[in-house]
Amino acid sequence: MEKLTILLLVAAVLMSTQALIQRGGAKRRKVNFFSIREPGAEDWREGNCTPWLGGCTSPEECCPGNCETYCRAWR
């Protein structure tokens, strides 16, 4: 009887694993590989930096951190 219980538990784990794989796995956090640093969005919301396409004189002024007389989104 104990062997049957263990067998049923193993079968349940295998079936749930298979269902998880078929659905595409667990929901994963999407990573934005193009972002230079993450605090940029927070700085922009708080008004601590200039958003992209805004005028600038140094990279520290821009939320994206890239200044060429205006804030650029990418380097």
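Here the Cβ of each residue, glycine as well, is placed from N, Cα and C on the backbone.
Here Cys67 is paired by Swiss-Prot through a disulfide bond, and of Cys56, Cys63 its partner is Cys56. Partner cysteine of Cys71, as given in Swiss-Prot, is Cys62 (from among Cys49, Cys62, disulfide bond). Around Cys56 (disulfide bond), taking its Cβ as the centre, 21 other Cβ atoms fall within 10 Å, counting all chains.
Reported as a whole number, the C-alpha separation between Cys62 (disulfide bond) and Cys49 (disulfide bond) equals 5 Å. In this view, the densest Cβ surroundings among the disulfide-bonded residues Cys49, Cys62, Cys63, Cys67, Cys71 belong to Cys62, judged by other Cβ atoms lying within 10 Å.
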